[in-house]
C-alpha cells in the first residue's frame, strides 16, 4: 500500500494548531478544510493530463487539462464532512458519494447506517475523506462498500493516522493509497489516537 505522510510546512503548521486543547469550533473547522485541501493537492499529483487547444485572448493556445479521470469525493459521516469543502476547492466538478459508518464505543467495531453512491462510481476515482484513521474499521468498511459497487481506484485522505489503523487498512486493502498529515504514536486503551486531535467530529460540529 502506498503511504504518504505529507510533510509540507503548511500542513505541519496547520495540524499543530488543530491539536490545541482550547481551539474554537470555527477555527478547527477552518483548519480541517484547509488541510483537506492540501492533502488533495498531494493525492492528485499523479493525475494524467492532455494537451488541448482553446481560444485564448490572443488566439488559439495549447494548454494542459486533466485527462478524463472522473472523481467522486466520499466523506464518511459525520466528521468527513469537515474536510469535504477543502477537497472540492481543488476538484470542484467532482461528484459526492456519502457513507455513514460510526464506531461502536464499546466494541470499537464499525456500524454502517447509510450510503448514497454516485451511479457511475465504477468509472471514477474515489477520494475517501475522514479526519481520523484509528483502528481502521470504519475506513475498511467504507472501502468494502465502494469495491462492492465497482469502484477500484481509491485514495484515502485523513488528517491523522495511527500505525494500528494503517496496518489494518494495508492488510484489508493493499491496493489503496493513503495520504495523511501525520502518522501519530498509536491508540490508547479506548481506541483513540494519541496525541491525535480528540474527537474531531465533536470539534467540527461544535458538540464537544
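Cβ coordinates come from backbone N, Cα and C, glycine included.
Going by Swiss-Prot, these are the annotated features:
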type    : residues                                                  : note
BINDING : 78, 103, 130, 131, 132, 133, 134, 135, 136, 137, 138, 199 : 5-phospho-alpha-D-ribose 1-diphosphate binding site
BINDING : 193, 198, 199, 200                                        : uracil binding site
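Features as recorded by Swiss-Prot, highlighted on the structure.
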| residue | record | DSSP class |
| --- | --- | --- |
| 78 | 5-phospho-alpha-D-ribose 1-diphosphate binding site | coil |
| 130 | 5-phospho-alpha-D-ribose 1-diphosphate binding site | coil |
| 136 | 5-phospho-alpha-D-ribose 1-diphosphate binding site | coil |
| 193 | uracil binding site | strand |
| 198 | uracil binding site | coil |
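Set side by side, the binding-site residues 136, 198 differ in how many other CB atoms lie within 10 angstroms of their CB, and the most is found at 136. Report note: the uracil site is defined by 193, 198, 199, 200, and the residues of the same chain whose CB lies within 8 Å of the CB centroid of those residues, excluding them, are 131, 132, 192, 196, 197, 201, 202, 203. Cβ neighbour density within 10 Å is lowest for 199 among the binding-site residues 130, 199. In terms of C-alpha distance, the listed binding-site residues 78, 130, 134, 138 place 134 closest to residue 193 (uracil binding site). Only 132, of the binding-site residues 130, 132, 134, 136, 138, have a C-alpha within 10 angstroms of the C-alpha of residue 199 (uracil binding site). The local packing around residue 78 (5-phospho-alpha-D-ribose 1-diphosphate binding site), expressed as other Cβ atoms within 10 Å of its Cβ over all shown chains, amounts to 16. Listed in sequence order, 103, 162, 164, 165, 187, 191, 192, 193 are the same-chain residues at least 6 apart in sequence whose CB falls under 8 Å from the CB of residue 134 (5-phospho-alpha-D-ribose 1-diphosphate binding site).
The shortest Cα-Cα distance from residue 200 (uracil binding site) to any of the binding-site residues (78, 136, 138) is found for 78.
A gap of 16 Å separates the Cα atoms of residue 136 (5-phospho-alpha-D-ribose 1-diphosphate binding site) and residue 198 (uracil binding site).
The Cβ of residue 132 (5-phospho-alpha-D-ribose 1-diphosphate binding site) has 79, 158, 159, 160, 161, 193, 196, 197, 200 as same-chain neighbours under 8 Å, each 6 or more residues away in sequence.
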